[in-house]
Amino acid sequence: MASALCRTASRLRSVQLFRRIRVSSDLLSASSPSPACISDALRHGDFSLPRSFFSLNCGIEMLKMDQRCLLSTSASDTTSKHDSGKPETKSSEKNEKSGGSESSDGGSDHKNERASGKDVRGGPVSWMSFFLLFATGAGLVYYYDTQKKRHIEDINKNSIAVKEGPSAGKAAIGGPFSLIRDDGKRVTEKNLMGKWTILYFGFTHCPDICPDELIKLAAAIDKIKENSGVDVVPVFISVDPERDTVQQVHEYVKEFHPKLIGLTGSPEEIKSVARSYRVYYMKTEEEDSDYLVDHSIVMYLMSPEMNFVKFYGKNHDVDSLTDGVVKEIRQYRK
């Protein structure tokens, strides 16, 4: 807009200048003195110039002034054009820069969107986090699995030590005792040394469990002899000393096996041997003033040195009891 106004002003000045030049030329042609007039003036010494000459002089001066104005106007137009061109260049550069920045911003936004998209889909950071999580989980699973296996192995080793180790057996179960045999003789653990022995704790008034266990023991004794050729001594120890006299025990054991030895004693002696072999027993009162004895149902296999080897519960039948004892005897011989 400014450049258009400058061009219009310069055109108007040029038109005015052209008109002034025409007027000045007309004046010069109309009122210029002739050579005769000039020579007469010189002869008479009249140096006064005619009025037209002054008009011409004024016209020339005005022409110079208009020319300077024209030059200054053209210069100002050029300067204004140059100045107006610079802001456009700068503005264009700014626009280019802003466009570049916008494009760079757009690129950065695109990168950000891609980065955010990678995070959602699983970029490098997410995969690394997943890998660390997986490695940690696998390590924990491996650690707990290893600890579990180690714990199971320790339990198995301890079980084997309790079942097979003589030192562990002596410390846990067994010990010296002094009781009365069913033939009336007092015996100790030393009288049973030299042979394999199976001890069972019960009482003669037991209605069902004790008879069943003693029948199983008697059958196993014979089968052990057949399978291994080893004579195992079966021993019955009463936990009811108040009622189980020597005679009562003698009659009771002979009902199951001829080799079965019956032992009894005073309440203190029975209590001591039961404590040594970790046997539980307790009287239970009945309505008819009679009582039963609640006790542990366990058979103890003792080595020829009267060291504890292994125990067998009620869950073992004749065959499993026989196989277990034969296995322990063969392992002992090795």
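The first residue you see is number 1, and the count goes up from there.
Cβ coordinates are placed from backbone N, Cα and C, and glycine is handled just like the others.
Going through His295, His316 against Swiss-Prot, the one listed in the Cu cation site together with Cys206, Cys210 turns out to be His295.
For Cys210 (Cu cation binding site), the same-chain residues lying six or more positions away in sequence with a CB closer than 8 A to its CB are Gly202, Phe203, Thr204. Mean pLDDT for the domain 'Thioredoxin' (166-331) in this predicted model: 92. Shown in sequence order, Phe201, Gly202, Phe203, Ile209, Glu213, Val239, Val293, Ile297 are the same-chain residues outside Cys206, Cys210, His295 whose Cβ sits within 8 Å of the Cβ centre of the Cu cation site.
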